[in-house]
Amino acid sequence: MDLDSFLTVIFSEFQVLLCISVISCFLHYSHREKEFQRASEQAGERLCGQIRWQLLFQKLWPCMTFTAWCNSHLRKAGTQIENIEEDFRNGLKLMLLLEVISGERLPKPDKGKMRFHKIANVNKALDYISSKGVKLVSIGAEEIVDGNLKMTLGMIWTIILRFAIQDISVEETSAKEGLLLWCQRKTAPYRNVNVQNFHISWKDGLALCALIHRHRPDLIDYSKLRKDDPIGNLNTAFEVAEKYLDIPKMLDAEDIVNTPKPDEKAIMTYVSCFYHAFAGAEQAETAANRICKVLAVNQENERLMEEYEKLASELLEWIRRTIPWLENRVAEQTMRAMQQKLEDFRDYRRVHKPPRVQEKCQLEINFNTLQTKLRLSNRPAFMPSEGKMVSDIANAWKGLEQVEKGYEEWLLTEIRRLERLDHLAEKFKQKCSLHESWTAGKEHLLSQKDYETASLMEIRALMRKHEAFESDLAAHQDRVEQIAAIAQELNELDYHDAASVNTRCQGICDQWDNLGTLTQKRRDALERVEKLWETIDQLYLEFAKRAAPFNNWMDGAMEDLQDMFIVHSIEEIQSLITAHDQYKATLPEADKERIAIMGIQNEITKIAQTYGIKLVGVNPYTVLSPQDITNKWEAVKQLVPLRDQMLQEEVARQQANERLRRSFAAQANIIGPWIQTKMEVISIMRGMMNVQEPATIDDGSVSGIIRHSLLQHVRVGWEQLLTTIARTINEVENQILTRDAKGISQEQLNEFRASFNHFDRKRNGMMDPDDFRACLISMGYDLGEVEFARIMTLVDPNNTGVVTFQAFIDFMTRETAETDTAEQVMASFKILASDKPYITVEELRRELPPEQAEYCISRMTKYIGPEVALGALDYISFSSALYGESDL
């Protein structure tokens, strides 16, 4: 009989359901889908529209899906079924299927081929299903043996529900809801995927591809999938699942797309295979995540320990290198060199020290944070290397600041000494230059014998000129004495270039003695010939006599007006102003003298004009001319207002300095108590958190302390205030860290703090044992003497007789929070090791990220035991060592 005749006989209005079953069997037997579709359409036309092909194929879905599902399990036993309606009739493969999916042994089947043998075998299978708490409604062994497709499919669906779907539970939902919720969570991040049911939500294939990509992104490139290609998406999911996930193809892509509402049972059956395929991987992933979390904590703690040791070593090494530099008291010989030392010290204060201050503060914060993290993760406390404790660093820092203070005071003293020396040296050079300029050529002039060939008038002129020179020489005697006095002071102050000063001073003194000798010799010579001279021009002589001292006075005045000065107070500048005012009071008399001197020259000119005398040459008795006197007088008058301006500017500068000093002193007197007040506030805050308050700065009187010392005190106080604030913030952060790490809510932490404050009757941040007992009773603890004694050993291990706030918080967090334990880590490793008491290197590298895997491999010891695989490692001792319960 051909296929067309076969369908014609079968399809009738009274045998529709039987037709579906027979066609299903024929489909699985022949696997000729296109011929089946054509035949179905022809049969559908013969039924006059009663049965459409699409409806018919939709009813065949459970048959196709359930057959594939059964074969996915039966293949494990080396067999499979071809026709779901026929192959379960004798009960043998049905019992085998139940054994495979349950892992249990069923009663021995009957070997006979009679009907009662088959019924007995099917009953054994149905009895086993009922023993698992499954109610089989209207399903009997006779219907299965007779090949009732509807009853057979119902039985297979019951088995699928019990053994493939019932165990699926997410957040205490039912099996179906749990599977749906699992699918929704896994596909939530993916575009164009919205799983709401087990029929139309899966038609475009994107949901299945998203499930695979979520767990195995290496198998599917989700970004290349298109919503308008559902058949391609579905076939991709089916092929990948069958090839890589060992999930057989249970559905047909074209059937799903062409059916308005795909069969829910078929979709659920297929999707449940994905759940079971990925469930083991998720369990291993959870275990791996727990291990990674614990290892990350351990690695972070080790990193903080290494960072602390490194920072402490670097800071101590920097202090060790810096102290000898600050202890160096070798004075430089020049102001420039000492100024460079001062600039280097200021650079140290501005640039090099501030980062170290921050490092010191950060070091203390890191140490406290590390200890808190170790305590929260049940690790033993960190003990730094010898000499690197926080107290060691604090002592080294204190020594550094003491040396620093002494170095600064020495620098300022040396700079003032060199400033004085430089001033004297410059003054010495100026006076020497003026003197040498005046004596230049004088020895030559005094050694000349020009009087031997001179005329009478010239002789007289030379005599008068020499007298004028003697007057000038006497006037310069005071300057020579000043030069010698300055040279002596430079020697006493240990001037670095004292040798050149002494040489120059000795040269000036020797020259001065020689000038005196030569002057006396020339006077003697002129006096011998003085009797030869009878006439002298009184006016020229008088001019020379009066002009010379006046000129000398003007030289002295210019020297005084141009003299440099260094003052440090208003009193010193006022003394200079007084002296300058006295000098200005002499100017009218000097002007009269100048007018008188100029009057002599006017008289000479008048006589010459009156008597027609032709004046040739200059005054023979002096080198000074009226123009010299006039020019020098104008220069003196110009220097007077300049000197006034300089003195007034210095007055203004000293007044500004005085105001700054007073303002500085006032501000310092204000900031000192302010800092002390803030330190007391912080002390109270830290006392509430049982944090030791650092020593306060010395609050001495500021007005009597010199400027740099006061600045030092203010700066140190400010740094201590900032450090104290940073420590307080760190303590608060550690409490927040405790709260977050232990899973303690803010409300719980507030409740703990309120309870502690209520029973802290002395308001000192501590409770005595009786108050602590009352506090625990108020919080619901039923305490006996033994239990309370045990708790006291936890909160007061040193028997101090008090319970601090930190100890109280630690106890309450241990009582109310859950933490990772060594046992939990061991259990996680056991999952990764497939229940073995050891784990291999390959398993670690497969299950953990590379960094954590290598961390474990480098620290785990070799496992010793019977029948151990190559490279087996002991994860039990490793887990214990993580929590300080043993040594690695």
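These residue numbers are counts, starting from 1, taken along the chain as shown.
Including glycine, each Cβ sits where the backbone N, Cα and C put it.
No curator has checked TrEMBL annotations; they are predicted automatically.
Per-residue pLDDT, averaged across the domain 'Calponin-homology (CH)' (60-164), gives 81. Residues or ranges marked as domain 'Calponin-homology (CH)' by TrEMBL: 60-164 (among others).
Per TrEMBL, domain 'Calponin-homology (CH)' is recorded for 173-279 (among others). Sorting the domain 'Calponin-homology (CH)' (173-279) by DSSP state (H, G, I as helix; E, B as strand; all else coil) yields 66 helix, 0 strand, 41 coil.
Taken from TrEMBL, the feature coiled coil applies to 294-321 (among others). Residues 356, 359-360, 362-363, 366-367, 369-370, 373-374, 377, 379, 382, 384-385, 387-388, 392-393, 396-397, 399-400, 820, 825, 848, 851-852, 855-856, 882 of the same chain sit 6 or more residues outside the coiled coil (294-321) yet have a Cβ under 8 Å from a Cβ within it.
According to TrEMBL, the coiled coil annotation covers 459-493 (among others).
Sequence annotations record features per position, and here TrEMBL assigns domain 'EF-hand' to 747-782 (among others).
Secondary structure by DSSP for the domain 'EF-hand' (783-818): 23 helix, 2 strand, 11 coil. Taken from TrEMBL, the feature domain 'EF-hand' covers 783-818 (among others).
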